[in-house]
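Features reported for this protein in Swiss-Prot:
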type	residues	note
SIGNAL	1-24	signal peptide
DOMAIN	70-120	domain 'Sushi 1'
DISULFID	CYS72-CYS106	disulfide bond
DISULFID	CYS92-CYS118	disulfide bond
DOMAIN	121-179	domain 'Sushi 2'
DISULFID	CYS123-CYS164	disulfide bond
DISULFID	CYS150-CYS177	disulfide bond
DOMAIN	178-262	domain 'HYR'
DOMAIN	263-322	domain 'Sushi 3'
DISULFID	CYS265-CYS307	disulfide bond
DISULFID	CYS293-CYS320	disulfide bond
Amino acid sequence: MKTGSLTQRGALLLLLLLAPAVTPTWYAGSGYSPDESYNEVYAEEVPDTRALDYRVPRWCYTLNIQDGEATCYSPRGGNYHSSLGTRCELSCDRGFRLIGRKSVQCLPSRRWSGTAYCRQMRCHTLPFITSGTYTCTNGMLLDSRCDYSCSSGYHLEGDRSRICMEDGRWSGGEPVCVDIDPPKIRCPHSREKIAEPEKLTARVYWDPPLVKDSADGTITRVTLRGPEPGSHFPEGEHVIRYTAYDRAYNRASCKFIVKVQVRRCPILKPPQHGYLTCSSAGDNYGAICEYHCDGGYERQGTPSRVCQSSRQWSGSPPVCTPMKINVNVNSAAGLLDQFYEKQRLLIVSAPDPSNRYYKMQISMLQQSTCGLDLRHVTIIELVGQPPQEVGRIREQQLSAGIIEELRQFQRLTRSYFNMVLIDKQGIDRERYMEPVTPEEIFTFIDDYLLSNQELARRAEQRDVCE
């Protein structure tokens, strides 16, 4: 027994001597080596119950949560934050989210029962919107506000601002930029044009309108309402309207006025015993009016007048005077020249004044003087046998020489009744061997001998002789 007691005492003494030589591998109250700087959970160890001491103030290392805080409750009271058995509730500052354990406890192993850290909260990056952009106050972080704006020409529809919320989502919805602005269009200036001479219209040109889209610059269509540039415009005011459409079907219109002015002269009055024929409208710049006289009358003065740009007529008006026939000429040609382009001639030839056909014909013609005058017909009578032969135009007597030449020129015999109708150009147009009614003569003249001007005049005077 004595030997055994000595052996136990020696072993205890050896343990006491060796204990100071062991280097500790932890700091008091931390449970971590000097290089450790974050929370980490280790498997719980079963410590030597003789080593546990709840009185040690720093059994575990002091918790320090960056961007957060630890609220600890110790069995020894509120002033102890890392003693054995202390329980700490972990939380993060606003804008940060706790990753890890919400609650940890200081274990007998001198370690905390878990780890946690605070991660800054972020929302996903917002996509850019078509034809627009956004700016944010603090990037994609919590409470950052992103304000949307659209490119020129577009309007924002939807939420103008979105805020990054605590759940990591953005408030509101994604807006869109809509093109609701119409294009910009500018028409050419209104213009006034003078009608061309002898015309009631004017050709007007202009440049196309200036068109620009306020959004993406794309103009899909430009329509014109009215005549094209270079068209002939009649007298008056004409509205020309253009309409432009952009890609979003917005439209804008503009208009301008084309005014065509016709310079006009005072309306001419027809001469007494005559009439006028005018070109164009009869009173516009460049119009030509010709004076004509009724049958049995001839024009004295200028044959025509022109409407000038000064709005005045050229020359002075002529007059229609009774036609004066000079029978004291040297030849039948000289006599006929007086009727050239003025009068038609109806030459009546008979063997003697008592001829039945002659008397019948002259009687009918004397009753139709108005119709003959309207058709510009002068009657020449050649009656009898030499030396008592008589030739006359109205009341004027023809010489024997003129009578003979007329018979030869027109091949008129003295042997029987015969009659010839001569037009204004001196051409033999119809012969009659027996009396005819004035209506037959008038029908032939109206159908074959009247000019267009005379036809128009006849239409105006259709009922004059009734």
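Including glycine, each Cβ sits where the backbone N, Cα and C put it.
Note that the coordinates shown come from a computational prediction; the quantities given were computed from them, not determined experimentally.
Shown on the structure are the features that Swiss-Prot records.
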residue : record         : DSSP class
CYS72   : disulfide bond : strand
CYS92   : disulfide bond : strand
CYS106  : disulfide bond : strand
CYS118  : disulfide bond : strand
CYS123  : disulfide bond : coil
CYS150  : disulfide bond : strand
CYS164  : disulfide bond : strand
CYS177  : disulfide bond : strand
CYS293  : disulfide bond : strand
CYS320  : disulfide bond : strand
CYS293 (disulfide bond), number of other Cβ atoms within 10 Å: 22
Residue among disulfide-bonded residues CYS92, CYS123, CYS164, CYS320 with Cα closest to the Cα of CYS265 (disulfide bond): CYS320
Distance, CYS320 (disulfide bond) to CYS118 (disulfide bond) (CA atoms, angstrom): 121
List of residues, in chain order, with Cβ under 8 A from that of CYS164 (disulfide bond) and at least 6 apart: MET121, ARG122, CYS123, MET140, LEU141, LEU142, ASP143, SER144, ARG145, CYS146, TRP170
Same chain, 6+ residues apart, C-beta under 8 Å of the C-beta of CYS320 (disulfide bond), given in sequence order: PRO271, GLN272, HIS273, GLY274, TYR291, CYS293, ASP294, TYR297, GLU298, ARG299, GLN300
Averaged pLDDT, computed only over the residues in the domain 'HYR' (178-262): 91
Cα-to-Cα gap, CYS150 (disulfide bond) vs CYS92 (disulfide bond), nearest whole Å: 38
Nonlocal neighbours by CB distance (under 8 Å) for CYS106 (disulfide bond), same chain, sequence gap 6 or more: TRP59, CYS60, SER82, SER83, LEU84, GLY85, THR86, ARG87, TRP112, SER113
Greatest C-beta neighbour count within 10 angstroms, which of the disulfide-bonded residues CYS72, CYS118, CYS123, CYS307: CYS307
